[in-house]
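Pasting a structure below so you can have a look.
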């Protein structure tokens, strides 16, 4: 049985993009980012529990907590054209004493991952990390998460990439968290740092979005019918006030006060935060999958320092206005398109600080092109 064979085919647009050959907008995507895509939640453990002819796969406790959210009804065969991806970033310390955010841009790690050449043409990785209690957890995650991912990435022929990428991501997050907690607990006094993590792993034209905490990933997609760009949420925030998160925390013996774990921690999933792991805080990410289409313009990854003062729609429209600003021209030998994306990141980060965001601000924009 195909991993997603039980899912209905996506609806097709009556007016496909000329020469694209790729999948179009799937009908279960929200019209705009609502900030809570809970209605789209679908656990991969439910989808793969029957494998082969009636064989059952047992889901581990961690997999039950880490659900894969489908941003489309079925992963279609990718277009013969692989969309190019290129990341740009800007960061501001804001009013904080220390810059505790971290980020990683790896436009092409295909050679490092050594994927099955017959199945995968390109692998890319983009991530933002929002540290709290210090910079050590976010810095550690930025330095090690992708390295662990590369080591665990599916290799060799005769494997199903679709079936193994989620396990690869789950193992990567678990291993990275365990490594940091081991190092943190060996210190005197023990480190209490923690970090969110929002990662986009692109395997050809398929995005896998793994998220812990309240940093976010947003996709800008053009709607041909409305002739407008939509901001589509690719990640799910993890706050202790959410029902499932609160129930897990309480079941583990913790509690939620004033919207925080034990009245202190603002997020319910993170890397690090060793003192809260026994209280139900977990490093198991939510994993979503999204097929890129010819109508996709860019991906925005940002920490909550941006979204405290910008809605996703406002941020996407702000970036679009920068990309259409003809005053931004080629400079320092860089093409105009690069100059505009860099300006969009810098202007958006500056505007967030001007609007009063007291937090660190990290803005990453990933350009999607042919």
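Just so it is clear, glycine is given a Cβ too, placed from its N, Cα and C backbone atoms.
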Would you identify which residue of 177, 258, 359 Swiss-Prot lists as part of the Mn(2+) 2 site it also attributes to 130, 304?
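Of 177, 258, 359, 359 joins 130, 304 in the Mn(2+) 2 site that Swiss-Prot records.
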Could you measure between residue 130 (Mn(2+) 2 binding site) and residue 188 (N6-acetyllysine) for me? Cα positions, answer in whole angstrom.
24
Between the recorded positions 130, 188, 304, whose Cβ has more other Cβ atoms within 10 Å than any of the rest?
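Answer returned by the neighbour count: 130.
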Any idea what the Cα distance is from residue 359 (Mn(2+) 2 binding site) over to residue 188 (N6-acetyllysine), rounded to a whole Å?
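Distance (Cα to Cα, whole Å): 28 Å.
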Would you count the other C-beta atoms found within 10 angstroms of the C-beta of residue 131 (Mn(2+) 1 binding site) for me?
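Cβ-Cβ neighbours of residue 131 (Mn(2+) 1 binding site) within 10 Å number 27.
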Specify all same-chain residues, apart from the site residues 130, 304, 359, whose Cβ lies within 8 angstroms of the center of the Cβ atoms of the Mn(2+) 2 site, ordered by sequence.
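Going along the sequence, the neighbours come out as 101, 196, 214, 215, 303, 305, 306, 307, 308, 360, 361.
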